[in-house]
Every structure is written in structure tokens, then in C-alpha cells.
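Colleague: Can you keep this structure in mind? I'll have questions shortly.
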Amino acid sequence: MEFRPEPFSWWVAFRNPAENYRNHPTYLVPDVIYHVIAALLLAHALRRGGRYPCLYFSALAHGVFTEVFSYWVPQINNFWHGHATVMFAGQRLPSYIVCQYIAVIYTSSVAAARLRLGLFATACATALADSLYYHVFDVTGVKMLWWSWHDTDPNVYDRTYWVPWGSPYWRLSFASSFTLLFHGTHRLLGGQGMFQKGSLVAELGSAAVAVFLTFPVGVATQFVPLFHVVKDVLGVHGEVPVLMLVCIFVLVVWGSDRNRPAEARTNTARSGWFDEVAVSVLINFLTMWVVVAIATPEQQRSIGLHQPTGPCNETEDMYLATGQVVQKGKYLCVTDYDEGYFDWHCLPGGRPPPHGMEWYTLCGTPFANRAEYLVVVGAIATCGIAVYYKLLALSAGDYGGGKKKPKTN
């Protein structure tokens with residue numbers, strides 16, 4: 001049956017954490033850590049002052065806008081979050097996901113800014129750091145049923161460890177676009193420094209542009225010309241445009257880094273570098289590895305909204321960003337699907353849900369090879385911690401947050 005929440009519960013709905021502890025215990029992990037990280041980063045933003053609070057709340061608003069827009073547009077409505085303790089927007093948006101946008105955008109932005117590169121190179125560095133921070137969560141989360149993907153959507157067809165290649169590309173393109181718009185608009189409106197507070201017009205204008213235009217700019221400038229053309233028009237596997245964009249960003253950062261100022265170059269860790277941002281990095285990477293090390297995915301049960309079930313042969317047209325028209329299954333075919341991270345073994349008799357269901361239970365599946373996941377997630381975590389250590393400890397400190405004082409004779 002179609003899921004229709006009550007008016008109040010459409011805006012916000014709650015679930016007793018004890019219920020998730022019984023059915024979906026690993027889901028309490030992101031539900032807790034990203035709220036903690038968001039609180040830590042808010043403390044950092046308020047302590048630093050200047051534009052840091054603006055960056056924090058812009059990341060929050062951008063996350064809400066991006067998520068809700070994705071739910072309402074049929075062409076990109078291809079994922080369903082698990083039901084967390086607090087849910088918004090028709091029980092589609094967990095509160096921890098809003099906090100996670102803050103965590104990944106704020107952490108990567110502050111870290112990359114310490115390199116003291118130009119605006120474009122800083123945007124590329126932010127995107128690379130952002131994608132590392134997010135990817136360890138991406139690989140871990142889908143295996144633990146923290147969300148599920150549309151089974152037949154062409155945009156999420158090419159996957160590795162059940163993560164669509166469009167997901168890291170999304171982080172690369174949107175993080176770079178957000179950074180360019182947030183800092184570039186501020187400069188155009190008279191702002192003097194990357195994190196020096198400007199006029200009210202400059203602050204509100206740059207925040208609004210970053211919040212609402214990151215999505216269309218990221219799609220128009222990076223998704224369409226590279227990802228969709230290479231993948232959908234030329235028929236190349238989705239990993240190729242991702243690696244192409246990574247190479248482009250690395251070359252830009254490398255070239256700019258060879259000319260950065262002396263203050264951003266050091267061979268020893270600066271005193272005081274281990275702050276809330278560094279704690280955010282450690283919590284994110286280490287927690288995901290611990291989850292993979294000790295969790296039992298086959299004991300996870302995700303009870304909530306998922307892809308609607310229905311007839312296996314019913315399809316619908318889908319318009320790709322390149323203008324091509326393709327077809328995808330309108331419903332999840334519960335007897336013939338290709339989502340190896342869930343099945344129906346935990347349901348009575350192992351029987352799948354009937355047709356016409358949106359609210360039902362997914363059952364997690366065991367690791368085919370836990371050691372492989374430990375190596376993969378461990379490699380991402382090790383690389384991420386090493387990169388962030390270089391950015392946070394072996395580069396310059398944070399930009400000053402106050403307004404630039406006029407010179408006096």
C-alpha cells in the first residue's frame with residue numbers, strides 16, 4: 001500500500017532508539033556520531049568566528065535542499081534512507097544525514113583551506129578531501145542497510161561494493177561547486193578574505209548561491225559533460241569518469257601547491273592543530289572500520305520506506321541528463337532483483353513483501369569475505385587520515401575570522 005504519513009509526521013517523525021537497537025543496531029552508530037561531530041564543528045565555527053559559522057549553516061542548508069530536491073524529482077529519486085531516531089520530509093530524511101552534510105563539507109573545507117591555494121585549487125582540494133571522508137561511510141553504510149538503492153535505475157547501475165560510481169562523482173562535483181560558489185560569490189560581493197567576515201549582503205548572498213546553485217552548477221559543469229557523456233553516450237563504465245575527474249583535481253592541486261606561500265609549508269606538526277576538525281576526521285574513519293570489523297550485517301533489519309514493490313514487468317521512461325530516454329523498472333521485483341546486500345530471510349517463512357508496499361523490512365546479508373571489507377575500508381580510512389593529517393597538521397593554520405581592518409598611517 002502507498003505510505004501516507006500524517007501531516008505532523010510528514011514534517012518530523014520519531015522512532016524509539018530501543019527499537020533500532022533491537023532490529024537495526026548498527027544504524028545507531030551514524031545516528032550518534034554525526035550528531036556529535038556536528039556539535040563539535042559548531043563549537044569550532046563559533047570559536048573561530050568570521051565566516052566559519054556561515055560555512056557551517058550553509059552546509060546544513062545545502063544538505064537539506066539537496067536531499068529534499070532529490071526526493072521530489074523522479075529522475076534522481078533512487079535511494080531510501082533507513083528510519084533513524086528523528087526523520088524529516090515525509091520520513092525520508094534522517095536528522096543525522098543533515099549533520100553528515102555539515103561533517104563532510106565543513107571538515108573538508110576547513111582542512112583544504114589550510115593549504116593556502118588559489119580559489120579554484122582550493123575547490124579541487126576540498127572535493128578530494130570531501131570524497132575520501134564520505135566514501136568510507138558510503139562503502140560501510142550500504143552493506144549495513146543504512147540506506148538502499150533503486151534496483152534498476154541506470155544512474156546507479158555501475159557499482160563496486162554496492163556503491164554506485166555516481167556517488168563519489170557526486171561528492172567530487174558538488175563539493176568543488178559548493179566551494180567555488182561559497183567563496184567566489186563572497187569575493188564578487190566585496191569580501192576580502194576567504195574566511196574574513198564581509199558585509200551582510202556578501203554573507204547572505206554567498207550562502208544563498210552556494211545552497212541553491214551547487215546542485216545545478218555541479219550537474220551542468222561536471223556531471224553532464226564528463227560523467228553522463230562518457231558513461232551514457234559512450235557506454236564507458238562509471239568508474240572511468242570518476243578516475244578522470246580525480247586525476248584532473250589532483251593535477252590542479254599539485255600544480256598550485258608548488259607555488260603556495262612559505263607559511264603553508266612545514267616539516268613538523270604545528271602546535272594546536274589537533275582541534276574539533278581533527279577529532280571529526282578520526283571519529284568518521286575509525287568508527288566505520290570498527291563497524292565493519294565487529295558488526296554482523298545479516299542481523300540487521302531495516303524497517304521503513306524502501307523502493308515500492310510491484311509487478312516485475314512494469315517499466316517507466318527515464319530521461320537522462322544527456323537527453324536520452326531509457327527505461328527502468330517502476331517497482332522492485334521482489335523475486336528477481338540484483339541488490340546483494342539484502343534479502344528476505346528474516347521475514348516469516350522467508351517470504352518477500354507483497355506488491356504495492358512502500359513500508360516493509362529489508363534483511364541484511366552476511367559478508368562474503370569480511371577480510372576484504374576490512375582491507376578496503378581500512379585502506380580508505382588510512383589514506384583519509386594520512387591526507388587530513390597533511391592538511392591539518394603540516395600546513396598553515398585556519399584563516400583569521402575577523403573583518404579585515406583598514407590600514408592606518
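Numbers here mean position along the shown chain, with the first residue as 1.
Yeah, the Cβs are placed from backbone N, Cα and C, and that goes for glycine too.
Per TrEMBL, the features are:
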type	residues	note
DOMAIN	9-391	domain 'DUF7802'
TRANSMEM	27-46	transmembrane segment
TRANSMEM	53-73	transmembrane segment
TRANSMEM	93-112	transmembrane segment
TRANSMEM	119-137	transmembrane segment
TRANSMEM	169-189	transmembrane segment
TRANSMEM	201-224	transmembrane segment
TRANSMEM	236-256	transmembrane segment
TRANSMEM	277-296	transmembrane segment
TRANSMEM	373-397	transmembrane segment
Colleague: Check for me, if you would, whether the transmembrane segment (373-397) reaches the transmembrane segment (169-189) - at least 3 Cβ pairs under 8 Å, residues 6 or more apart in sequence.
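Modeller: Not in contact, no.
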Colleague: With the transmembrane segment (93-112) as the reference, which stretch in 119-137, 169-189, 236-256 has the largest tally of C-beta pairs below 8 Å?
Modeller: 119-137
Colleague: Please indicate, using numbers and ranges, the residues of the same chain that are 6 or more beyond the transmembrane segment (236-256) and have a C-beta under 8 Å from a C-beta there.
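Modeller: Long-range Cβ neighbours of the transmembrane segment (236-256): 115, 117-118, 120-121, 124-125, 127-128, 131, 157-158, 160, 164-166, 168-169, 172-173, 176, 222, 226-227, 230.
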Colleague: By a Cβ-Cβ criterion of under 8 Å, what residues six or more beyond either terminus of the transmembrane segment (169-189) are in contact with it?
Modeller: 51, 55, 58-59, 62, 66, 104-105, 108-109, 112, 119-120, 122-124, 126-128, 130-131, 134-135, 198-199, 201-203, 205-207, 209-210, 213-215, 217-219, 221-223, 227, 238, 241-242, 245-246, 249
Colleague: What parts of the chain pack near the transmembrane segment (27-46), using Cβ distances under 8 Å and only residues at least 6 beyond its ends?
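Modeller: Long-range Cβ neighbours of the transmembrane segment (27-46): 17, 20-21, 52-53, 55-56, 82, 84-85, 94-97, 99-100, 102-103, 106-107, 110, 137, 141, 144-146, 275-277, 279-280, 283-284, 287, 291, 300, 302.
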Colleague: Need one number: mean pLDDT over the domain 'DUF7802' (9-391).
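Modeller: In the predicted model, the domain 'DUF7802' (9-391) has a mean pLDDT of 95.
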